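Sharing a structure below in structure tokens format, with a few things to ask.
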């Protein structure tokens, strides 16, 4: 990687600063909407809190943001970039060669990130709309929670509905809106604090530790379940690394942290000033003058939509990476924008919409949603910590130091996990069930692939080279196609899937001028696009290894077109001049892609567990995208063939011929 690229990645700019605000900080930036409300309501209301409770709560928030977000993610995780890309799957590709079991924390972390993230639009948008209860002139309408739910659902329908068209046209305003949002958080919090400067004492971690064991804290250690809401968006700082660059996050995070800490302190000051008033409004909205609340609700709604959009886009990216790493079923992916990073996965979009909408309808209020929110993300953070430990060791950190540092973060996050475990009975079970379902699908897909590689026979292509040449020259067979292309799962040392040779020679002899055997390998680098060619000493058999990054689309025909041109220009492949064509000088013949669907024909060798995995994977494949779409073959000539996936030698069944009686008497 060149120094200029590294400099650009680490360099900050004014434009990058604004862009980072709109992409990275939506989730963590909207946490002030509901974190203090959750703390106060779980304590019994505004009139049940004391100064020591408030100081302890703010101290816990400050030090949680410092330890987890600043130290772990900003100072440590951001250095673990995979060619400028971040996120749990990028981190996994950096360390997966160190141990085969690391696929487990990667799958669990990805699944919990997806499942818990499905609650983010529900919590943030509902919290913002509930602010209308504090707006004079509208409060009488929105005191009825049904109206809040209806408004929230309308916003969600529009938000998820526009995903298919791409969001680049509105993405340009995200940064400026979030800059205004964070500026408002900081300014309003600062002015609210002026009457209660004792809030600054919360910087001392003594107040945080004291509150955990204080009798004034009605929830004990379980208060950390509400505190954790302040840092649920920390994972996004790492996941969105590739979108904005490390330098812009380094510069923007201090500004963001200052603004949200000031907001929490301002809400705390308002609570101390009104703890005997009996007001039961969300401190975030109640701490602002009533004449400004309608503008604040509008701004909060925009911020909530931006946070939700970041979550949706992040989910598409996460699933896309999992598919290319072959740990998730293939779903149709489209690119509605000009940028390859702007992708859209219809199935995932509408699953997220269904989960989010059901969450709003089932929990109804943001307070009830908060009770279930954050449980799964603690698991994601633990899984990231495990992978980070291996990364530090790989980069030369002394193992004892890497173990100690990551053990500290694992302990902190495990305590948060235990504190959030109480949420399981308050709705967190729904998120856990969704996460388990995603992990199950990932496991089945990954394990099924391993079983195929374990049992399926492969053959040496060199042993059949002469047969293929005879077939190519045998005019008794009609020309099947000028170029026939097979996609192979394996092509090492001239070994190829048995099913491909079965298709060429046994299923129906396919005469062609050139036989192409293409293998797509996903690399650990995100944006690789390279290939290797082996002509096998012929001009009619071509082995192609495509090396594509885990964030690159696997549109095989587009790459193959370039490869064919390169081979013809170098003289390694004869030109295929066309007699009939509307394109003068066309020297490439027609192509047909043969896709092979392998079905288990004899599973005698499989254990019951392996048979269950293969059958389940086959069932899942019925609802996934076809390989034709995944490899970009929609506009190509494609033949789909079903061949037996022979896992063991087929046993002959005993049978006897019935001999006619008259013949036996003779």
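Using the three backbone atoms N, Cα and C, a Cβ is placed for every residue, glycine included.
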Choose the correct range: of 149-169, 317-337, which one does Swiss-Prot annotate as transmembrane segment? Give that range.
149-169
Can you work out which residues elsewhere in the same chain, 6+ from the ends of the transmembrane segment (253-273), have a Cβ less than 8 Å from its Cβ atoms?
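That would be 17, 21, 25, 28-29, 31-32, 35-36, 40, 46, 49, 51, 54-55, 57-58, 61-62, 65, 69-70, 74, 182-183, 185-186, 188-196, 199-200, 202, 230, 237, 283-284, 286-287.
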Restricting to CB pairs under 8 Å, which listed stretch, 100-120, 149-169, 294-314, 343-363, 373-393, is in contact most with the transmembrane segment (16-36)?
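That would be 294-314.
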Please work out whether the transmembrane segment (373-393) lies in contact with the transmembrane segment (100-120), by counting C-beta pairs under 8 angstroms that are 6 or more apart in sequence and asking whether there are at least 3.
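Contact confirmed: at least 3 Cβ pairs fall under 8 Å.
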